[in-house]
């Protein structure tokens with residue numbers, strides 16, 4: 001093979017690898033590589049050379065950011081340090097959303113602010129084919145404002161799993177065979193917001209935001225998205241060789257099951273599945289197990 005042929009072959013391989021890596025994975029070294037401000041960019045500050053950000057909530061505005069790309073299946077995580085002290089009435093959200101109106105898919109973490117000394121509550125929700133109202137709430141077993149903790153969503157053809165520091169706190173299984181909708185057709189972006197919601201966030205709206213404590217700050221770093229880009233080859237999302245589709249990730253292992261039940265027995269404070277006032281008959285996904 002001539003020198004020029006080797007050069008061209010190498011260039012083709014490099015181009016293919018570059019395309020493949022952006023199809024399957026996006027791990028930004030800095031915030032702006034994979035994210036953009038979606039709301040009030042003046043309230044988003046880059047720190048540590050853009051490897052971390054600070055979100056600001058004051059009486060003028062909250063703020064938010066979102067991924068530049070949408071993904072179909074994969075794994076997303078961020079390290080977040082939540083609003084410290086008296087954060088009642090504030091909501092810090094980290095979620096995936098299909099950006100479609102009536103039939104949207106959405107996977108939510110919502111961190112509900114508290115009065116000083118009370119536990120922080122995380123609310124999760126799942127929208128599939130436009131149907132939501134699947135709230136579950138857990139009191140975190142640590143102070144999430146004292147340091148960074150990792151919050152992750154695993155989304156594959158088998159289930160959606162919400163993790164806190166690698167501890168599974170919620171599982172939503174794919175039970176389409178039983179007529180239960182599952183998000184698998186619509187790519188989703190990755191978003192986060194910090195905003196005021198004192199009409200419902202803390203003790204059902206009984207605790208109002210104390211603006212004398214403003215501004216409120218939340219911090220993010222170690223943004224990690226691995227998934228199939230919506231703009232990439234359609235074969236990516238159905239590829240069983242994607243790591244998040246592997247046998248290890250198709251169901252919880254025994255240790256994960258043990259930790260999952262520990263969280264739910266000791267820290268769960270609300271589950272729509274057991275709310276008889278809302279659902280006299282438990283929704284079908286509630287009896288499908290993990």
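Here the Cβ of each residue, glycine as well, is placed from N, Cα and C on the backbone.
Any TrEMBL annotation is an automated prediction that lacks curation.
Under the heading signal peptide, TrEMBL lists 1-26. Residues annotated as domain 'GH16' in TrEMBL: 6-220. Positions annotated as active site, nucleophile by TrEMBL: 106. Taken from TrEMBL, the feature active site, proton donor covers 110. Under the heading N-linked glycosylation site, TrEMBL lists 114.
Taking the features listed in TrEMBL, we show where each one sits on the structure.
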{"residue": "106", "record": "active site, nucleophile", "contacts (Cβ under 8 Å, 6+ apart)": "95, 96, 97, 98, 125, 126, 127, 132, 188"}
{"residue": "110", "record": "active site, proton donor", "contacts (Cβ under 8 Å, 6+ apart)": "91, 92, 93, 95, 122, 123, 124, 125"}
{"residue": "114", "record": "N-linked glycosylation site", "contacts (Cβ under 8 Å, 6+ apart)": "86, 87, 88, 120, 121, 202, 207"}
